[in-house]
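Participant: So TrEMBL lists these for the protein:
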type	residues	note
TRANSMEM	12-30	transmembrane segment
TRANSMEM	59-77	transmembrane segment
TRANSMEM	89-109	transmembrane segment
């Protein structure tokens, strides 16, 4: 019984601290991207906004719930997500994938700026449509 108490006495507060840092990171990342920050607290809606920030189609959210495929989709979204904040390296995207608390803190509280504005996004969509016609 004492081993259980010892395990939770150290890991519990540490896990709570990491969770709070991750929630704060997402909050500030959403603000940087021009999304309502409270969206980061709502399940599923935060995935939709996350995929939108990365400029991926909305149905990527559905693919994130498919086993095995979700890993590859997540890495792809993280690559675009890191590019959306000016981090072009593959290593940064892999860091976001495998060590998210640390790399989310870097994005949230570092000098990374969101690269796409709403007007850029609208223009890109218009150009994509014009090229497809």
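Glycine is treated like the rest: Cβ placed from N, Cα and C.
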Participant: Any residues 6+ beyond the ends of the transmembrane segment (12-30) with a Cβ under 8 Å from its own?
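Facilitator: Result: 36-37, 39-41, 46, 49, 53, 85, 100-101, 104-105, 107-109.
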Participant: Below 8 angstroms Cβ to Cβ, which residues of this chain, lying six or more residues outside the transmembrane segment (59-77), approach it?
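Facilitator: For the transmembrane segment (59-77), the far contacts come to 44, 47-48, 50-51, 93-94, 97.
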